[in-house]
Amino acid sequence: MARILDNDVMGNEEFSDRTLRPQYLREYIGQDKVKEQFAIFIEAAKRRDESLDHVLLFGPPGLGKTTMAFVIANELGVNLKQTSGPAVEKAGDLVAILNELEPGDILFIDEIHRMPMSVEEVLYSAMEDFYIDIMIGAGDTSRSIHLDLPPFTLIGATTRAGMLSNPLRARFGITGHMEYYQEKDLTEIVERTATIFEIKIDHEAARKLACRSRGTPRIANRLLKRVRDYAQIIGDGIITAQITDRALTMLDVDREGLDYIDQKILRTMIEMYQGGPVGLGTLSVNIAEERNTVEEMYEPYLIQKGFLMRTRTGRVATQKAYRHLGYPYQNT
């Protein structure tokens, strides 16, 4: 069952994300360091009438990597063609996409770390020298065809930058690290979304939503919609701080943005293993979740908020986790 705090896109959220997507850097809320850098790089490329260097965007899900790719295309005034690593299964799939590019176009590859190595290798010459050599036919009848490509910009997005090969990573001239959002930026995003969807919300309610959104706009917007539902049925349709607290309590989202699964992880470590260290496999069995799910979906936020530490001997619940859940802390 999907969690309301999942970073991945749910249901019809792809349409919602497009509706809310800013078009230009001046409209993009948050990620100030990345925006400042890109504003300079984009303007320099435009003045030289050149394609922008290839861009790698990396960071946790839901932080606006896809949105930033579209913003870059709009700022440059060029077309963007979109695909994903898993969708490009064969080298021929990528060649077909590259062959359709016009001068200056952007090719956006989401989840680029999941692209097969045989496909990735086609990108090397395409990115560096704007050509590809492909083999057609088989056996004695096979031959190589050289295809020149127009200058283009590849934007790759990944949640797992460490999984990129060194040759691919080295071909990106620009990198953008998308970080978790600050409370003030998320509050502004909640208020902007409320305005677009004509939802009535006061500032304190928006701030409370932002505090519990795990630093992620996608989660903030999802929680806003669920609190709106609660306000319409239980209240008078206006989202107040009190309504927000009651709705999020009903949804099992606490003041730190932890849900019942996050709390279950920490409680299991504290109650059964004296806070740890606990091996990932042992922890996964105890909470009935897959190892990868625990490592990729739950742990990053718990670590970022200081509730959990990864050590060489296993996972350890911090003093902050004890305090947050109301357990006495014993420093052994």
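Each residue, glycine too, has its Cβ placed from N, Cα and C.
Cross-referencing Arg171, Arg212, Arg226, Arg228 against the ATP binding annotation in Swiss-Prot, which names Leu20, Arg21, Gly62, Lys65, Thr66, Thr67, Glu128, Asp129, Phe130, Tyr181, Arg218, picks out Arg171. Once the Cα atoms of Arg291, Arg310, Arg312, Arg315, the listed binders of DNA, are compared pairwise, the greatest separation found is 17 Å. Arg291 (DNA binding site) has Gly62 as its nearest neighbour among the binding-site residues Leu20, Gly62, Glu128, going by CA to CA distance. Distance between Cα atoms for Arg310 (DNA binding site) and Glu128 (ATP binding site): 38 Å, as a whole number. According to DSSP, Tyr181 (ATP binding site) is assigned to coil rather than to any helix or strand. Under the three-state DSSP scheme, Arg312 (DNA binding site) falls in the coil class. Figure note: comparing Cβ neighbours within 10 Å for the binding-site residues Phe130, Tyr181, the maximum is reached by Tyr181.
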